[in-house]
Amino acid sequence: MSEPTSHNQWKTLDKDLGRISHMEYATSYVSRPLVGMGISLAFLVIAGLLASLFLGTEPERFVVITAAVFGAYMALNIGANDVANNMGPAVGANALSMGSAILIAAVCESAGALLAGGDVVSTISKGIIDPSGMSETRTFIWAMMAALLSAALWVNLATKLGAPVSTTHSVVGGVMGAGIAAAGFGAVNWPTMGQIAASWVISPVLGGIIAAAFLALIKSRIIYRDDKIAAARIWVPVLVGVMAGTFAAYLALKGLKRVISIDLPSALLIGLGLGLLTW
């Protein structure tokens, strides 16, 4: 009698353990999306707290704290959507792991904003909408706040739908729309908007042409060769050198201009030298 009873007890225990395992799996599955949301909310709160600590008792601290929270929200959406556009090809080609891509993107996005983001900031802040066209400074401030929040909401929605969108397009459209709502169509710098819109058409075309040219070069010089490894050893350093030289020339011309003024020929020489050194 004791043996069947003991066997039934073990079966009951196995069933209970199985139920616990299913409950743990279900809990983990349900709570997984909440972890990211919790981290995001904590990031927004920290951004607001840091802004309040730096400002102390300044009279306009509420505006800056709100801008810091909106900016943090926009930064989260840039990481979720815009970084995926940049690093997706490298991850898809198995050249980088997901963790490495995220780390590299975080460093490069921050460095790019600090070193070479000044011109874009200037265009967004006063190139699209003329601040002097607003009746009050506070109106301009809240118009820019509305533009930031609207762009962040749109990128968030696009990310939810899995659609890769441009943060630049979203911000430019938000600034233009907020300016029109605040001061009418006359507040918009339409020649600048025309140049920006033209770049939206020209950039994909030029990007496609350059990508096609490099792909044709890689196919003819590496992929279609009998000894692909030997060909890669010759041409991959050349491609890396071209990339490094191009970026060095751009960084010297744009990124360092707040520290030292470098003309175009000097920047090209710097790029050529670094490209040869990298090669």
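Note that Cβ sites are derived from N, Cα and C of the backbone, with glycine treated the same way.
The shown structure was predicted, so the numbers you read here are calculated from the model rather than taken from an experiment.
Sequence annotations record features per position, and here TrEMBL assigns transmembrane segment to 34-55 (among others).
If one looks beyond the transmembrane segment (62-80) by at least 6 residues along the same chain, the residues whose Cβ comes under 8 Å of a Cβ in the stretch are 40, 43-44, 46-48, 50-52, 55, 105-106, 109, 141, 145, 148-149, 151-152, 155-156, 159, 167. The transmembrane segment annotation in TrEMBL covers 62-80 (among others).
According to TrEMBL, the transmembrane segment annotation covers 140-159 (among others).
The transmembrane segment feature in TrEMBL is assigned to 171-190 (among others). For the transmembrane segment (171-190), the residues of the chain that approach it from at least six positions outside its boundaries are 124, 127-130, 133-135, 139-140, 142-144, 146-148, 150-151, 154, 196, judged by C-beta separation under 8 angstroms.
For the transmembrane segment (196-218), the residues of the chain that approach it from at least six positions outside its boundaries are 123, 128, 166, 169, 172, 235, 239, judged by C-beta separation under 8 angstroms. Look at TrEMBL and you will find 196-218 (among others) tagged as transmembrane segment.
According to TrEMBL, the transmembrane segment annotation covers 230-253 (among others).
Summarising the annotation, TrEMBL assigns transmembrane segment to 259-277 (among others). If one looks beyond the transmembrane segment (259-277) by at least 6 residues along the same chain, the residues whose Cβ comes under 8 Å of a Cβ in the stretch are 241-242, 244-250, 252-253.
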Report, as numbers and ranges, every residue of the chain located at least six residues beyond the transmembrane segment (140-159) whose Cβ falls under 8 Å of a Cβ in that stretch; write 'none' if there are none. 63, 66-67, 70-71, 73-74, 77-78, 80-82, 125, 129, 131, 134, 165, 167, 170-171, 173-175, 177-179, 181-183
